[in-house]
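Enquirer: Here it is: the structure, laid out below.
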Amino acid sequence: MLIKSIIALVCLAVLAQADFVRVQLHKTESARQHFRNVDTEIKQLRLKYNAVSGPVPEPLSNYLDAQYYGAITIGTPPQSFKVVFDTGSSNLWVPSKECSFTNIACLMHNKYNAKKSSTFEKNGTAFHIQYGSGSLSGYLSTDTVGLGGVSVTKQTFAEAINEPGLVFVAAKFDGILGLGYSSISVDGVVPVFYNMFNQGLIDAPVFSFYLNRDPSAAEGGEIIFGGSDSNKYTGDFTYLSVDRKAYWQFKMDSVKVGDTEFCNNGCEAIADTGTSLIAGPVSEVTAINKAIGGTPIMNGEYMVDCSLIPKLPKISFVLGGKSFDLEGADYVLRVAQMGKTICLSGFMGIDIPPPNGPLWILGDVFIGKYYTEFDMGNDRVGFATAV
């Protein structure tokens, strides 16, 4: 009887794993390695998290650092796209076949052709998002979206007609798939993740990110819809309640570098898969960059001596009473430039005033070391040590 029970439990575990929807993530050279301009990124983060009339998702400029993308399809038969899965916005958009032939960014990426899809439904509502280099604009359409082997039917998304700025040209991905709360969805569109759950494609309204930090690995990581993969992390999750259902925002206890403590008495933080950096208030980040021996170079960037990485101080983020540590190798970015490798700090200063700020933004520098679970059913974010 005991053996039968064990077998049954094993079978249930296998079935639970099978119910996950998995999308492989690929890692590419970030567009920021072509256009390194932290000042531009700071402007975009301000727009993203400091909108005058409430949260407004911003689609691209702080994706200068987005290195991880995955494959989706839209339409019947399926048309393929590479998208960044972004927890800091809630809409899905891809370039449209109807974009102007003078739009270089559009020409260089995969484009959705409504005329070639038998499941296309016209919507036509105007769509636009304002950011530093101009406005991404287009219109809404509805079609079937495929990802991880499942099909999300009647999904409304944006066809982008105008994609301004060189960032679009350099990007290795075609569009963005937002995974934030519906409250920040432009035009009130129901996000893809919501429809996945509502249509019974996943058992639980949970998704999780595993980012492979091994540069020699074939795959960049994985996003799992429906739960978390226990093979990708060790120990238990530390859960933090979402205190603002827009972005994945929560309370952080403190940030520590040696005996120096920042974010005193607690502060607000956001887990954002749309950027690889960690951002925080300018005065505090400046102090952190000095503490790690960073040398200011240009546009808010700090260079670090690559040979000193093993000796750099541990930086600890205290979340839910537990310390999540980053070593020098975790928070220093190696960038190839003119045939040489330079090392840049993964910390960026940005001041976001009240009521939305001040904020810390934990991007891929943090998520790469700590497997991250986004649990919309319980309105919480969980962190565990990635394998």
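Placed from the backbone N, Cα and C atoms, the Cβ positions cover glycine too.
Residues or ranges marked as active site in Swiss-Prot: Asp86, Asp272. The annotation disulfide bond is assigned in Swiss-Prot to Cys99-Cys106, Cys263-Cys267, Cys306-Cys343. For 68-384, the entry in Swiss-Prot reads domain 'Peptidase A1', with the evidence type sequence analysis. The feature N-linked glycosylation site is assigned by Swiss-Prot to Asn123, with sequence analysis given as support. Sequence annotations record features per position, and here Swiss-Prot assigns signal peptide to 1-18.
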Enquirer: Spatially, which candidate from the disulfide-bonded residues Cys99, Cys106, Cys306, Cys343 is nearest to Asp272 (active site), comparing Cα atoms?
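Expert: Checked the disulfide-bonded residues Cys99, Cys106, Cys306, Cys343; minimum Cα distance to Asp272 (active site) goes to Cys343.
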Enquirer: Do any residues at least six apart in sequence from Cys99 (disulfide bond), in the same chain, have a Cβ closer than 8 Å to its Cβ, and if so which, in order?
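Expert: The list for Cys99 (disulfide bond) reads Cys106, Leu107, Lys111, Gly138, Ala160, Ile161, Asn162, Glu163, given in order along the sequence.
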Enquirer: Sequence gap of 6 or more, C-beta under 8 Å: which same-chain residues meet both conditions with respect to the residue listed as 'N-linked glycosylation site'?
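Expert: In sequence order, Tyr139, Leu140, Ser141, Thr142, Thr156 meet the Cβ cut-off.
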Enquirer: Over the domain 'Peptidase A1' (68-384), work out the mean pLDDT and round it to an integer.
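Expert: For the domain 'Peptidase A1' (68-384), the model's average pLDDT rounds to 91.
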Enquirer: If we count other C-beta atoms within 10 Å, could you say which of the active-site residues Asp86, Asp272 has the fewest?
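Expert: Fewest other Cβ atoms within 10 Å, among the active-site residues Asp86, Asp272, is found for Asp86.
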Enquirer: If you count CB neighbours within 10 Å, which one among the disulfide-bonded residues Cys106, Cys263, Cys267, Cys306 has the smallest count?
Expert: Cys306
Enquirer: What whole-number Å value do you get for the CA-CA distance of Asp86 (active site) and Cys343 (disulfide bond)?
Expert: 26
Enquirer: Between the Cα atoms of Cys267 (disulfide bond) and Cys343 (disulfide bond), what distance do you get, rounded to the nearest Å?
Expert: 29
Enquirer: Report the same-chain neighbours of Cys343 (disulfide bond): residues 6+ apart in sequence with Cβ closer than 8 Å to its Cβ, ordered by sequence.
Expert: Met303, Val304, Asp305, Cys306, Ile309, Val332, Leu333, Arg334, Val335
Enquirer: Which of the three DSSP states, helix, strand or coil, fits Cys267 (disulfide bond)?
Expert: strand
